[in-house]
Structure formats: structure tokens, C-alpha cells
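**Student:** Submitted below is the structure of interest, expressed as C-alpha cells.
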Amino acid sequence: MGSFKWVPLLLNLCMLLSSKLILSDPFLNKQGLADIPSKFLNLAKRPEIHEYMVNIRRALHENPELGFEEFDTSKLIRNELDKMGIPYKYPIAVTGVVGYIGSGNPPFVAIRADMDALSMQEAVEWEHKSRVPGKMHACGHDAHVAMLLGAAKMLQEHRNDLEGTIMLVFQPAEEGGGGAKKMRDAGILANVDAIFGLHVSTLFPIGVVATRPGPVLAGSGFFEAIISGKGGHAAIPQHTIDPILASSNIIVSLQHLVSREADPLDSQVVTVAKFQGGHAFNVIPDSVTIGGTFRAFSKESFIQLKQRIEEVITLQAGVQRCNATINFDPDEKLFYPVTVNDKDLHEHFQNVAGHMLGKENIKEVTPTMGSEDFSFFTETIPGYFYFVGMVNETQGRLESGHSPYFRVNEDVLPYGAALHASLASTYLLDYHSQMPKQKASFHDEL
Ligand SMILES: *[C@@H]1O[C@H](CO)[C@@H](O)[C@H](O)[C@H]1NC(C)=O
Ligand SMILES: *[C@@H]1O[C@H](CO)[C@@H](O)[C@H](O)[C@H]1NC(C)=O
Ligand SMILES: [Zn+2]
Ligand SMILES: [Zn+2]
């Protein structure tokens, strides 16, 4: 997907028209691409849409549900989709819902929200505080669902202007459960050209979005290895094969992966956090279990690290006559890939967010070692993940996500809804405008 070619003349004309509240018909049209983002933001800020989202968000906030248990949340979503007349598929990955707006035919573009809460006690005292002890929407996923439903409401009103189909992806279990992986493995991405996801942020002001092309969140993996030798008397080592010494050497060798093999400017982590073996002072044990985590910012570095961890453990075990078996899925902990923002979608995002908020309000986010299971989507199809600021200095400081004091500034809801709606609808409108261009350049070459 290339960028749209914004036509300044038409843009001015459309702005003139909409400023006089003569909304040109149709609402979504190829000629007025540049105008769509601000039209959606204005629409999303109208009380009927904004209050709709606030009510949804508060209802969800009062009734937080953990990963793969989002039954009431999912039901609320389906009720809303029913009311809007939006068809959907359910259940996908236990509680997941996928709604469809538009022609039902290709091209398909997806916008995603996560539904799960965290197992922690809310410490904010307010009218809509969590009513479930020990559970809280402390990451803003309640706001994410509300934004996606707000976008759905706006898009559904203009579904006849869409050429193609917008998919609304409501996924379970982002917080460690890998709900995105289950949704992907259920085949929801078949024929989908692109997917967009967002996260509310307590680091940026309201009206600001933060993002970057390429890797944006780290890939994270876990490993556990059993190093087996031959146990025996600690005073007669020649009759044993000592897994404690072998494991110690393995741990030291693993530390050389980052210090000697990785590019110093390409951040990576390998940590052995678990070491279990032996019970007595005078017995060499049969085996030792070690385990840890590794992180990287590029898919290549991540794959390389994983491969080298396996090699170092098995080869170094062999040096001391031990055998090693490695498990990269301990306790069914999922391996989150790097979240990578597609370069072409970055251009699309810059256009859309730029026209909605102004280029100066698109900030570059520094990559963080955190992970997102949206990465399972970006691993399979071009995807784009960005942060939506919600700090308003006059309303006080916001605690970061996963804090029991976490609060959502509900003024952010129209921004998220408008970004979802604009990114997806202009993607489809622009998608078709690319077709003749590609044909034309083909002819030029001939
Ligand atoms: C390692 O594996 C080989 C092949 O299965 C086996 O013969 C050997 O006894 C094992 N060594 C130890 C220390 O477990
Ligand atoms: C920030 O909060 C103040 C006070 O509630 C409000 O008047 C203002 O509109 C808010 N700013 C934005 C950008 O939402
Ligand atoms: Zn979270
Ligand atoms: Zn989150």
C-alpha cells in the first residue's frame, strides 16, 4: 500500500464544506481522503457517540474479567453489534468476537481491541470502581473495547460508502494468555490485508499519538533446560557426571551471547533466573533444571538468540559429558514475537493522524522491553500498533498501566474511535485507488 496522494485543492474545498456543516455525500469518498480523519474526530466528539463510549467503558470497568473469561464483556459487545445490525462471528478463541462492516467482500482490513482485565485490586475510589474484588481494568482494555464499539457505530452508519470490509477484532487474553495467537490460529486473518491496534498511554498528552516504524515492542521468550548427568558420591567424582558444574558453565556461556555475539546497538537480554539442583552436601545430583527469559527488538535477533541459547546449552552440556533437553514453552508460557510496524502502514498512519491531529502531534516512541500479543498479528500480516496519549495536566497526573491507581481519562475515547475508523476506512478507499496506478506503471514499463 502506498500513500494517498492528497489533493490540496479538494482538501480545502472539503474543509470549507464541512465547516459549514454541509457534509458532502457520501461521507467517505476517495476524493476527500484528507478530510475523513477530522470528520471522524468531530463525529466521535459529539455527545451521542462520546457518551455512548463512556457508558460502555464504565460498565466494563465495573465488571472486569480475566483472560479467556471475558464472557460478560463478550456478551455486551455482541449485544451492541446486534443493536447496530453488524454481523459477527462468535466464539473465536473462547470469548473472541469478529464483526464485519461493509460489503462482506475483499479487501479486508482489521481493527483490534483487547478485552481482558488484570488480577489486582483497584485502589481508585470512584463511582464506577471495579465491583469484583481482586480484578481490575488497570491497562485500559475497557477503553479499548469502548473505542472499537464507538468506531463501529460511526462506520456502520457509512457502511454503504465502503468498498470492501472492515473487521472488528475483539480478542481475549492479551495479558500473558496470547489471545491474539489463538484468534490468529483460528484463521481470522485469512484474506486480511492489514490490521491496526492501539493502546492508551499515560506518557503522552491528549491529542498526541506516539509510534515508530519497524520494531516497537520487544519479543519475549522463556526457556527451561534439564541438564542430566549421573549422580553419585560427592567425594568420588570420577564415578559421576556432574550436572551442577556443567550447568554453571552453561550459565556463564549464555552471558556471552549478548556481550560477544549481539550488536551492542541492538538491545537484547538473556537472563537465567532459575537454578534448581541437588539437596545434600555430599551427593552429586542426577540432574539440574535451569530457566530464564530472553528479549530482543528484531525478529532476526530474537530467532538468532533462541537458536544460540539452544546450541550453547546442548553443546556446553556436552563438554562436560551431560545431556540437555530444552523447552521453550515452560508452564505454557507463550513466546511473544517482536511487535513490528509495517513501513507502508506507517506512511498511511502518518497521513491519517497528521490530518486529524497535525504532524507535530505525532511523536516518536522509544522501543520498550514490554511485549504485546498484537505481535502475533504483525507476525502474520502487515500490522500497525500505536499509542494514544490521554494526559491532561489540568486533570492531574495519571499512574501508569498495571498500577492499582491507574485511571483512564475518558476524553481519550473519541480520539481512539476516530483513529480506528479513519485508518480502516481510508485504507479501503485508498486500496482501490492503488489498483489503476499499479496497472498504469506496468504499461509504462512496456
Ligand atoms: C546422553 O544421551 C546418550 C544418548 O541417548 C546416552 O547414551 C547417554 O547415556 C546420556 N548421557 C547422560 C549423562 O545422560
Ligand atoms: C483538559 O481538561 C480541562 C479541564 O477539565 C478541559 O477544559 C480541557 O478541554 C481538557 N483538554 C483536552 C485537550 O481535552
Ligand atoms: Zn497490560
Ligand atoms: Zn494493555
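Any Cβ shown, glycine's included, is placed from N, Cα and C.
Predicted automatically and left uncurated, TrEMBL annotations should be read as such.
According to TrEMBL, the protein has these features:
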- Cys139, His141, Glu175, His199, His402: Mn(2+) binding site (BINDING)
- 219-314: domain 'Peptidase M20 dimerisation' (DOMAIN)
- 1-24: signal peptide (SIGNAL)
**Student:** Same chain, not part of Cys139, His141, Glu175, His199, His402: whose C-beta falls within 8 angstroms of the C-beta centre of the Mn(2+) site? Give them in sequence order.
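**Tutor:** Close Cβ neighbours, site residues excluded: Asp114, Asp116, Leu118, Ala138, Gly140, Glu174, Gly401.
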**Student:** Tell me which binding-site residues (Cys139, His141, Glu175, His199) have a Cβ under 6 A from ligand 3; sequence order is fine.
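**Tutor:** The binding-site residues passing the 6 Å Cβ test are Cys139, Glu175.
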**Student:** Since the record lists Cys139, His141, Glu175, His402 as binding-site residues, which of them has the fewest other Cβ atoms within 10 Å of its Cβ?
**Tutor:** His402
**Student:** Could you tell me which of the binding-site residues Cys139, Glu175, His402 have their C-beta within a distance under 6 angstroms of some atom of ligand 4?
**Tutor:** Cys139
**Student:** Give the mean pLDDT for the domain 'Peptidase M20 dimerisation' (219-314) on the 0 to 100 scale.
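**Tutor:** Residues in the domain 'Peptidase M20 dimerisation' (219-314) carry a mean pLDDT of 96 in this prediction.
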**Student:** Suppose we draw a 10 Å sphere around the Cβ of His199 (Mn(2+) binding site). How many other Cβ atoms does it contain, all chains included?
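**Tutor:** Here the count is 22.
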